[in-house]
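**Q** Attaching a single structure in structure tokens format; questions to follow.
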Protein chains: 2
Amino acid sequence: MDDINFAVLGTGGIGRRTLELSTHREGLTPVAACDRHGIAVDHDGLDVGELLDATEGNIASGDDTDDGDDTDGANVAADGGATAVKQHGEDRGVAASGQARPTETPIDDVVDESDAVDAVLVALPNLEHDFIPRVADRFADAGYEGVLVDVLKRSRVIDMLDERTDRFEEAGITFVCGAGATPGLLTGAAALAAQSFVEVHEVDIWWGVGLRSGYEDNRGTVREDIAHLDGYDVETARDLSDEEIEEIVDDHDGVLEFHDMEHADDVLLERAGICDAEDVTVGGILDVRNDAKPTTTTVSVTGTTFDGERGTNTFELDDVTSMAANVNGPALGYLKAAVRRNRTEDYGVYGPAELMPGF
Amino acid sequence: MDDINFAVLGTGGIGRRTLELSTHREGLTPVAACDRHGIAVDHDGLDVGELLDATEGNIASGDDTDDGDDTDGANVAADGGATAVKQHGEDRGVAASGQARPTETPIDDVVDESDAVDAVLVALPNLEHDFIPRVADRFADAGYEGVLVDVLKRSRVIDMLDERTDRFEEAGITFVCGAGATPGLLTGAAALAAQSFVEVHEVDIWWGVGLRSGYEDNRGTVREDIAHLDGYDVETARDLSDEEIEEIVDDHDGVLEFHDMEHADDVLLERAGICDAEDVTVGGILDVRNDAKPTTTTVSVTGTTFDGERGTNTFELDDVTSMAANVNGPALGYLKAAVRRNRTEDYGVYGPAELMPGF
């Protein structure tokens, strides 16, 4: 496959790590990156080392609000968004890089460069449910032909993207949604594990995240995670003070266990025809005080084979693999798969499971 | 995706089970099936039940020679080929079905129908290394535009197919090679498990096959498996008498353990850019006397993450999943993925790992 020029919207946790990871992968050239204050563009390829060094530093929530999409720890880095960057003299964030300039219209500036871009990874904080869909609209309106990839996880956002299918097809956009860890890597693993079966009864996705595994850079997201604890929901969690959150974490000795989370794995597996959304459960354990993962991230797919046996295939990630490795690696993997599709004029909205062998 | 009309070449183990399994999957209509003595065609869809009932029966090696491709037990059913069918009155094999007619040119007869076919599963005994490539030539020569899928496993055949890439691209053929269990399902699992890493050091594929798991219908293949035992190779194994083989099985109490097998997983992972072929090892245990699998089929992928951790991700198949379920399910899954590509004019030769997220 020919080289892929890609851009990153958002240089928080996901954006930064995607840039770093891309330097380890063949055929990926980052040509643009932006946050809310600046944009760096180099059609010959950004100097990722310089960009990361210049913008590395204190993790500040700054004037950014929490993004509202952090329904768990597993894809939490998606939501670091534009917040986790350096404040460096007068130029904040990306603008601190020698390759960048300040701007007040960063997304439009990337749209302006999109003729030279094959794929865009959307790693923006999802302030509103429809924020990422509306960003996609701007690319479609500008006549962008290429790939858009996000690592969102809220099930309801998928529907908003689906409504835009015709628009994307007209423009020539291949949109891959939920292409991080869960949904993403683990959704794909479930789709593959299902291949032994003719009927899938249950998909159980269970994740572990420890401090070293990526939580430290994304502390603010515990608020959204709390929404999944017994006795809380998104609204009540949003109203908690920092002190109240700290108290809840203390009450749990720093170890928070989640069940039945709103994760798009369910709708993404259903749209691939693998099982009903209601047969998918997502949960996990987040340890905000220890480096080690408190539990092993595992996908279990239970089904019946054509010859009538009921069994469970499993996919396990090594405990040493960080959340960042499991989000950003697959994001770039799905991005590559999407570019291949886009180049054969295969447009529209796809989830990770649809980029796997069919069911 | 629109419905897929497919044909099966060969109604031995793989062919029969593919037909059966397709009745459990959405959007797959079998319209033609042949063995060396007959062909059944129905553009509205074959009556699979009738076809299987009519041709079910004694497993006879008949006048067929062993196919020479059985380098292990895991994909062994691929090689049942046209042998495992009924001898029914004057009409042998497929011709025993009320939907079929005898023919002396079964493959040409399917080629003649290929305008009405989206995909062909090649489940023929691979008598010579180049037998399947030569079958593909016949489809290309006839101007077939569509998908060809095989479940071969010998590494050297991949090269022969690669040499035909231009020919396939001109004709409009998307050829997916090695789309069974290993290579196939497990190759895909390795490609997915690799996504956590930026460098893959080792892929270890380890399979277990027991009697119930599918060995019983494919006894003849133990000869080729023996080629992988210490002290034997393909040539010496070929020269063994049935009595000598029985003796070897007795010496091992019916449990044969294989290491460093020639499996195309290695070249298929290398061509997807995931690791060097030499970093892939395939082995397993075949128990010809017990129903239960003697070991759990497992893929272990060891690599280093972008943040410097070395770990191993694993994919495990439940012991109750039969070889047939793990060969034929993925074969149809990859077939569906290939049809999608073919319909966007994405032609050429692909292995299973290339149909996964990119690396």
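For all residues, glycine too, the Cβ spot is worked out from N, Cα and C.
In case it's useful when we look at the structure, here is the feature table from TrEMBL:
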REGION    A:57-106  region 'Disordered'
COMPBIAS  A:63-72  compositional bias 'Acidic residues'
COMPBIAS  A:73-84  compositional bias 'Low complexity'
ACT_SITE  A:LYS153  active site, nucleophile
ACT_SITE  A:GLU224  active site, proton acceptor
ACT_SITE  A:HIS228  active site, proton donor and proton acceptor
**Q** How many other Cβ atoms are found within 10 Å of the Cβ atom of the residue listed as 'active site, proton donor and proton acceptor', counting all protein chains shown?
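**A** For the residue listed as 'active site, proton donor and proton acceptor', the count of other Cβ atoms within 10 Å is 24.
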**Q** Cα distance, the residue listed as 'active site, nucleophile' to A:HIS228 (active site, proton donor and proton acceptor), nearest Å?
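**A** Cα-Cα, rounded: 14 Å.
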**Q** Please work out the number of neighbouring Cβ atoms within 10 Å of the Cβ of A:LYS153 (active site, nucleophile), leaving out its own Cβ.
**A** 31
